Amino acid sequence: MTGEAPEVAGADDPLTGDPAVTEFFGDAWPAVARFHSMLVDEGVLRGLVGPREVTRLWSRHLLNSAAVVPFLPERGRIIDLGSGAGLPGIVVAAMRPECEVVLLEPMERRTDWLTEVATQLTLDNVTVERNRAQDVHGRLVGDAVTARAVAALDKLYRMALPLLRPGGVLVALKGDKAEQEVQDAKHVGKKWGAGVAEVALASTIAGVEPTRVVRVVREVAGVR
Ligand SMILES: C[S@@+](CC[C@H](N)C(=O)[O-])C[C@H]1O[C@@H](n2cnc3c(N)ncnc32)[C@H](O)[C@@H]1O
């Protein structure tokens, strides 16, 4: 070991420099590549991503985030609930330039970061909203809501469904327990106007584990 620092940000990640990743992101590649560099450098320093995530940012985070995109409308307003470091919201904004993407996040340290990322990536379709979901109910309404690692589905329904217009869709990235969460949340979902929840296995590129996506349409205005 020479101890020399790698020249490319995140060079220890086996997918950094992989042409399949560049090809997958297509027109969104420059923005997503810049986001990756920012996460590797500033993101780690500022505690927005754990240092152990650096070698798997592509597979576990950026491609995983991109898995929601095929489930989203091509136009309209997408609200990323609990955006954190910008996952999946920043990736969605880069891949859906015709959509307005609202990054909804209560923590100031994170909203500062999200604003800086959107500025540096020149994502002019991004708005950062510093708030908790429940505090913008009745004021902020979208055509779709995305959520990753925010809450179990029953809790997520309470936070996310009031943010959707009737006919709008909640797209949640979930783990292996997605089907169980759907079962457990049925009653709450009904109360808040959710239609039948579907679980899909979403793939991105060969060699990256597919992820479970829960998709549920808000059918009616929910009863509070
Ligand atoms: C575990 S982090 C996940 C962040 C990001 N979605 C990701 O996948 O890396 C959960 C995020 O949800 C935010 N959050 C928690 N409660 C919330 C609420 N009531 N409304 C909106 N965001 C919330 C937290 O501040 C945090 O940034």
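Glycine is treated like the rest: Cβ placed from N, Cα and C.
Copied over from TrEMBL:
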- GLY82, LEU87, ALA133, GLN134, ARG148: S-adenosyl-L-methionine binding site (BINDING)
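Its own atom aside, the Cβ of GLY82 (S-adenosyl-L-methionine binding site) has 23 Cβ atoms within 10 angstroms in the protein chains shown. DSSP assigns GLN134 (S-adenosyl-L-methionine binding site) to a helix. Within the same chain, residues at least six positions away from ARG148 (S-adenosyl-L-methionine binding site) with a Cβ under 8 Å of its Cβ are ASN64, SER65, VAL68, GLY82, LEU87, PRO88, ALA172, LEU173. Long-range Cβ proximity for ALA133 (S-adenosyl-L-methionine binding site), meaning a same-chain Cβ under 8 A and a gap of 6 or more residues, is found for LEU81, GLY82, LEU104, MET159, ALA160, LEU163. The Cβ of GLN134 (S-adenosyl-L-methionine binding site) lies under 8 Å from the Cβ of ARG158, MET159, each on the same chain and at least six residues away in sequence.
Under the three-state DSSP scheme, ARG148 (S-adenosyl-L-methionine binding site) falls in the strand class.
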